[in-house]
Each structure stands twice: as structure tokens, then as C-alpha cells.
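Remarks on the structure that follows.
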Amino acid sequence: MDKRGGMDHVLVWRQGRFSRQINLTTVGRVSLALLLVLAVMVASLGVGKLMLSPWEVLRALWSSQPEGAALIVQQLRLPRVVLAALVGGALAVSGLILQAMIRNPLASPDILGITSGASAAAVFYLSFLAATLGAHYLPLAAMIGAATAALAVYWLAWQAGVSPQRLVLTGVGVSALLMAATTFMLVFSPLTTTLSAYVWLTGSVYGASWRETRELGGWLLLIAPWLVLLARQVRVQQLDDGLAQGIGVRVQWLRVALLLLSVALAGAAIAWGGAMAFVGLIAPHIAKRLVAPGFAGQAAMAFLSGAGLVMVADLCGRTLFLPLDLPAGIFVSALGAPFFLYLLIKQRH
């Protein structure tokens, strides 16, 4: 092992012919972000109609008797907070992959039609199938919609390969078409269905249970090995296609693999948390500003940033307008829309 100086402290680990660099500055900042996210989680568990101090929250978490404060924390608040963190983290990493793959800082699941596809499928399910099959299959319908939309965008953008620019333009067009279809279905749906759909379309973790949290957590654990496997390839996508092909990279196959990985992350997050816009745009930019280039460190920071963002948004929705419980997506959009305009202005200059 040896250390290298510079702006960032880097630890180089060597074993035989293999070596690996560990950016100590990145590790430190990710660790600090993790502590901040845990602090937000404790605060979220303590705030509500029944106010609890941090020490009372910790006692409730460790209590083996699910009654009183322990029942509220363990069965009502904790599943919701954990689901919010998983949804935000998955959307953030999905956005990070897309921004690297398309080489566009404005890329996100919203731009490529992933969110619109999930939304259209979810509204279709609520309007025509939920009465027969029940609401349990809504996440599956949303994931199928997200995957179908993404594959349609890729197929329509194909022209002897897919360029990042064509992918974005096609994604915007498909998103607009799917949003129109979603609105059309909402107009002709019963009022109760429309109200349920609007809450889902805004993005909310209201009424989250341990079943939903386990389902999303299990799905993300299945995706994690593929994320690790493709981590080193993400930076290759940031190169010019000709240069990447020159060093032996199968650019189009890699682009398909990364797109499917991004869809798997975003589709699952949207399926269980609703169409929460802008998380996949904001969190990757926070990560890029805080840690050095390198997908592993940026992915960890993006996950924590997205988790914290959605948890804070959900906390605001639960507490700022009591007794109303507003969808977290409202507060994420309130922050994300100005940030998107800022990026547009920055890109122009």
C-alpha cells in the first residue's frame, strides 16, 4: 500500500499484478453523508402527531414490545421512511447511469420516457384492471410499462446504432405521447380512480408497509451485483463512441446493458414510490459536486443524496400542513424545477 498526495488523498492497494485506488476524501465524504442520512431518518421517525425525541426514537427502535411509541415507530413510520430512502436512492443511481451513458447532464428517467411509461401503465392498470385483480399488481404493471417505454425509445432511436442525441430526442417524444395517453385515461376514469392515480403520479410513500419495503429492497439487492459488474464500464460510455470502439469496447451492447440496468432501478422505484420527478436529475449532480470522478464513489453519494432528498420531502409532506399528508413528490418538484432551469441556463452559456 502507498499514499499519493494532491487535492484528494488516494490510497493505492496492490496485490501481485492487481491494484486498486481508494480515494480517502471520497470515502470520508460518503461516510459523512451516511451519518447525515441516518440523522434525517431519526428525525423523520420522531416527528408527527406524536412527537418523540431522538433518544425516545432509539428506544422505540430497540424495543421488543410493539406497543405505544414502539408500535408507531416500528410499524407505521419506519417502513415509510425506509421505503422513501430506497426509492430516492434507486432513482438517483438510475439518473447517474443515464447521465454518463448519454453524456448529458440533463438526462434522467423522466427525459427518456421511463417515468412516463410507468405512469401510463399504472393508470391503465388502475382504470381497467385493479377492480378485477386488486392493487397488489400495480408495481408489476408500472415496471412493465417502464421497461416497454425504454425499449420502444431505444428501438425508435436506432439507426445503425444509437447516438446519445437521438436517444434523448426520441425519449422526449415518447414521453409526450405517453403523458397524453395518461391524461386521456384519467379524463374517462371514475373519480375514485382518478384521485388514486393523481396521488401515485405525484409520487408518494403514504401508507407504506413492510411488505412493500421488503419487495423493493429485495429487488435492489438482486440488481446490486450487476451494478458492481458494470461499474467500471460506465465511465467508458463517457468517451466518444469512436474512441471507445477503438479500445475494443462494444459500445451498443454496453449501452443496452446500462439502459436496462437504469430501467430496472428507476422502474422499481417508480413502481413502489410513484412517479417522483427530478430525483434522478438532482441527486447525481450533488454527487458529482461532492466526490471525485469515479462511478463507485459517485453512485454511493448519489444513492445517499437521493435517499435524503426523498426522506426530507416526505417529512415536509407529513408535517408542514397537518392534518393533511401531502405527497413527497410535490416538494421534490418544487426544488427540482428551479434546478432544472438553472442547468438549462448553465448549458446555454
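Quick reminder: no glycine exception, Cβ is built from N, Cα and C everywhere.
Residues or ranges marked as transmembrane segment in Swiss-Prot: 32-52 (among others).
Here Swiss-Prot flags 82-102 (among others) as transmembrane segment, drawing on sequence analysis. For the transmembrane segment (82-102), the list of distant contacts is 37, 41, 44, 108-109, 111-112, 114, 164, 167-168, 205, 208, 212-213, 216-217, 220, 227, 234-235, 237-238, 255, 258-259, 261-263, 265-266, 268-270, 272-273, 276, 279-281, 283-284, 287, 295, 298-299, 302-311, 313-314, 328: same-chain residues at least six beyond its ends, Cβ to Cβ under 8 Å.
Among residues of the same chain six or more beyond the transmembrane segment (111-131), those with a C-beta under 8 A of the stretch's C-beta atoms are 94, 98, 137-138, 141-150, 152-153, 167-168, 171-172, 174-175, 178-179, 181-182, 185-186, 188-189, 193, 196-197, 200-201, 262-263, 266-267, 270-271, 275, 277. Marked as transmembrane segment by Swiss-Prot: 111-131 (among others).
The transmembrane segment annotation in Swiss-Prot covers 138-158 (among others).
Annotation source Swiss-Prot lists transmembrane segment at 168-188 (among others), citing sequence analysis.
Annotated transmembrane segment per Swiss-Prot: 190-210 (among others), in sequence order.
The feature transmembrane segment is assigned by Swiss-Prot to 216-236 (among others). If one looks beyond the transmembrane segment (216-236) by at least 6 residues along the same chain, the residues whose Cβ comes under 8 Å of a Cβ in the stretch are 82-83, 86-87, 89-90, 93, 97, 100-101, 244, 249, 254, 257-258, 261, 264-265, 268-269, 271-272, 293-296, 299.
The feature transmembrane segment is assigned by Swiss-Prot to 263-283 (among others).
Sequence-distant neighbours of the transmembrane segment (290-310) (same chain, 6+ residues past either end, Cβ-Cβ under 8 Å): 8, 23, 25-27, 29-30, 33-34, 36-37, 40, 84-93, 95-96, 100, 205, 227, 231-232, 234-235, 273, 276, 279-280, 282-284, 328, 332, 335. The transmembrane segment annotation in Swiss-Prot covers 290-310 (among others), and the record cites sequence analysis as its basis.
Marked as transmembrane segment by Swiss-Prot: 325-345 (among others).
For the transmembrane segment (138-158), the partner stretch with the highest count of Cβ pairs under 8 angstroms, out of 168-188, 190-210, 325-345, is 168-188.
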